């Protein structure tokens with residue numbers, strides 16, 4: 001006989017969604033995810049290392065120390081550092097860059113934290129469906145406090161927020177997504193959806209056993225400002241989608257959408273699949 005707990009039989013599959021867990025930059029706020037990329041470029045420049053925006057975007061979604069470590073492992077970046085300092089960048093060098101990066105990020109993050117169009121309406125629809133809402137970010141908690149202040153001023157509020165320095169291992173490990181599930185009181189991770197604009201964020205959701213949705217045009221993968229996005233014709237948008245899909249290929253999201261405004265129809269499709277006994 002199955003054992004019942006919180007409305008679920010222990011050997012039963014979920015038949016409806018319970019929660020949606022969002023990334024922040026490039027997903028809910030900061031169209032194009034420019035706040036971290038530009039500050040990475042500026043922080044490395046202070047050590048005599050030239051970074052392009054494209055290079056800075058590469059490891060996006062990771063915790064910021066890990067992001068800097070990944071950048072320093074790039075041969076071209078490492079060789080610049082070695083030429084300047086006479087040695088390859090070790091963990092102490094990464095920490096030094098991070099300590100330069102963090103106050104710069106704290107100072108500038110609010111400038112890039114405007115709410116992405118469609119986010120408020122989508123969150124309202126999600127809550128009207130009776131679903132819980134959580135979130136997580138590659139930002140540390142100190143930076144997230146600034147982001148949340150700006151988001152609240154724009155009418156966006158999410159109570160459950162997990163920062164990268166609040167778990168033992170951040171993305172692509174599943175800890176932040178799973179911490180959300182625990183704090184939200186979710187009974188089955190298969191009844192959760194993770195929405196993100198980075199490959200490691202999508203992988204985080206998959207490793208957590210959740211449905212994963214990749215954002216093609218509002219975030220890091222496309223790297224478009226809101227004005228640039230709006231100026232694209234359909235041919236240009238399809239080209240940007242193709243580039244983003246390629247960037248997400250190894251992460252294998254269950255769904256692709258352009259921006260958060262397109263999420264409600266995906267949630268309806270996932271609920272239909274759950275009702276048919278599918279799992280992520």
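A Cβ is built for glycine as well, from the same backbone N, Cα and C atoms used for every other residue.
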Per Swiss-Prot, 23, 25 bind Mg(2+); matching candidate in 197, 227, 233: 197
Residue 64 (active site, schiff-base intermediate with substrate) versus residue 25 (Mg(2+) binding site) - Cα distance in angstrom: 13
Pairwise CA distance, residue 23 (active site, nucleophile) versus residue 197 (Mg(2+) binding site), rounded so that it is a whole Å: 8
Number of other Cβ atoms within 10 Å of the Cβ of residue 25 (Mg(2+) binding site) across all protein chains: 29
